[in-house]
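Trainee: One structure follows; several queries about it will come next.
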Amino acid sequence: MGAVFAASMGTGVFTFTLPLMNLDEKAGGMWLGSGFAGYFLAKLLIAPLSGSYADTHGSSKPLLISCGLAFLLPLLYLLHPAIETLYAIQFILGLCAGTVRTVSMAAIGASLGGEKLSSRFAVLSAVMNSSFLLGPLLGGLLYIDKDYLPVLGTMSAFMGLAFIIFTLCAKHLPTHTAEHDLTEETSAGPRSFISIMAALFGRGMGIGSLIAFYPVLLKSSLQLSPGSTALLFSIPSLTTVLLLPILGKLLAGFERRLTTSTGMLISALALYIIGSCSTIPGFMFTGILSGIGAAISMPPSMAVCSELGCAKGRALGLANMAANIGFMTGPLFCGLMVSASGQISTPFKLTAIIGAISSLFILYEGMSQKGLKKSGLAIGVLSTLTLLMLVPHSLKQNNTPQTYRYSDVAMGTVVNLTIPGGDNSETKKAAKETVAIMHHLQKDLDHRNKRGSVGRVNHESGKKSVRVSDKAFATIKRGLEISEKSSGSFDITIGAITTTPFYYALDKSRFAGHKDLINYRLLEIDPAENKVFLPRKGMALDLGGLAKGTIIDAAADHLKSSGIKTAMVEAGGDFMVFGDREWTIGIRNPRGKGILGHISVKNSAVCGSGDYYQFITPVSKEDKTRKHHIFDPALLQSSAESIATTTVAPDAETADALATTVFIMGPEKGSEFIEKHFPNCSAMWVLPNMTIVSTKNFPTIKEQK
């Protein structure tokens, strides 16, 4: 078990940290889904092969080869340090992890039987699933400086440890995992084989969907700190790990197929409810429920697979293959459904229905074993019809028949395009092209992308000027103009601090030496050559204060150029609307559920800023001030003048920049600033005591009824 734990930790540290790079890139829904598919594809391919090999040649050799190969994988990155190499490593690591999982299960299946088999599989499941909990935590700490070498080194160390333990225990491992004396009672027929494979596929699909899209659902539903979000995300895995040894022993004597189907149905119910959750208690409850279902179903399902036939390795290899097909299908299916339905919740509900239906086959098998064949058939038919009736409800959208809504994941949030006028091929084509443009611009303007315009400028700070794209140059120039008008309250060179991970959580003294690096006046631009130069080493651009608005404007412009007369572009609570109709926009409550009220706008952008997006809560009870991501360049600390702002402007770029600027200035200076420099714009502030202040020309706030 120690070797399996070490190998699982090595896999977990790498595999669940690599998506952080995807998050830095802010990939779209399909990219986010397919990013997980390669790893599961490798596990899918290797599972039956490694299991069959263990049946005839024993378990020692494949375990040692897998861990030894994984131990050496970081050498590939040292030879060619690129993101493509990391994905290649991920695929090979999938082959190694798939082998360790399948062969270790086969070794246990060949060594034990009866109730002991379920109990031992429960312990094995707990050990393996601990990587889902501990891997992201350790990997996140190792990747805090955006350097993957510590992650690779730790992965290699764990795999080396696993190799050593397997070597020391080699003589105790089975020389083969196939048995030839199973009775007809313990050897299953084709129907039993299909039923357990279908159930494993459904469960795998649900788990894959949660891994890929649950963080997005949490982020779009709640305004929590990264730590709180991670804690909510870990609840299902934590519950499973804690309950597996207990439930595995308590339920070992029950009919395994019935226990498996019960656990899977509980997990499916939790997944369906998750799609409707919007509160922290709701997510906590469904997370615990999901973990309970997994803890109930995992040990007996492994035991059932182990007793499918005399070839333990082959049977468990095929079982792992079915599960990995589900792991691959879940994220891809969710990516498609987000785009098709326009809602992040819909994929979870549909995946839950598929998972529930797939578990009904093994429920019927279990009831048949108990002599309840007719009852099992009746329950299966009624349950299937009920679940199918839920599909139309799950697909229901908040659209009128004359409105088309297209959604995807971009800029680390859910993007919604709402286009009145009906659903047609031209509208769909324009919507997909629009989101593709948003992805492209985000990569170019994001300082985290070292290959983008801003990333290259930062990399060459103090060295040489860099030619950037037309859009990046225009955005930088616009940022300089607002920096100048605001006398540095808004400063795009704040990146000298904000490019540091979790900068807002660090002590102010950490940045004392960065004061001279934050000065927009030092930035040099060459309009003739589209070149940008940061003259001092350590200077860095961060266009986060206006780039989202720039991208939203580009999206709206493309829709207009595609012949669309009226539409709304929304990304993470920021809006741009155009056309003849008037739109109603809600203003978020920064300290509670729901909204403060709503305003009506036409041909305008509405953007917000607040201390609730990225923050840490004060440790001291006396200190009520949050440390958050909106930094005052003059004070080198989080701004405390307000807790939220909302701005209205003719374009999203201006509205986005003003939301940040006036948040730092506060209502008194901010009102004077807008009146002097942006008279056609307006703003509203929510102060720390929840008082609302606004400019005279801000739209009337209609209270929520």
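Here the Cβ of each residue, glycine as well, is placed from N, Cα and C on the backbone.
Automated prediction, rather than curation, is the source of TrEMBL annotations.
Annotated domain 'Major facilitator superfamily (MFS) profile' per TrEMBL: 1-370, in sequence order. If you look up TrEMBL, you'll see 31-51, 63-80, 86-109, 121-144, 150-173, 193-217, 229-252, 264-285, 322-340, 346-364, 376-395 marked as transmembrane segment.
Tell me about the surroundings of these features in the structure.
Mentor: Looking only at the domain 'Major facilitator superfamily (MFS) profile' (1-370), the predicted model's pLDDT averages out at 76.
Sequence-distant contacts of the transmembrane segment (63-80) (same chain, six or more residues past either end, CB-CB distance under 8 Å): 3, 7, 10-11, 50, 86, 88-89, 92-93, 95-97, 99-100, 103-104, 148-149, 152-153, 155-156, 159-160, 162-163, 166-167, 170, 173.
Remote same-chain partners of the transmembrane segment (150-173), defined as residues 6 or more beyond its termini with a Cβ less than 8 Å from a stretch Cβ, comprise 2-4, 6-7, 9-11, 13-14, 17, 58-60, 63-64, 67-68, 70-74, 77, 89, 93, 96, 100, 107, 138-139, 142-143.
Panel annotation: around the transmembrane segment (264-285), residues 199, 202-203, 206, 209-210, 214, 217-218, 221-222, 224, 232, 235-236, 292-294, 296-297, 345-349, 351-353, 355-356, 358-359, 362-363, 390, 394, 593 of the same chain, lying at least six beyond its termini, place a Cβ under 8 Å from a Cβ of the stretch.
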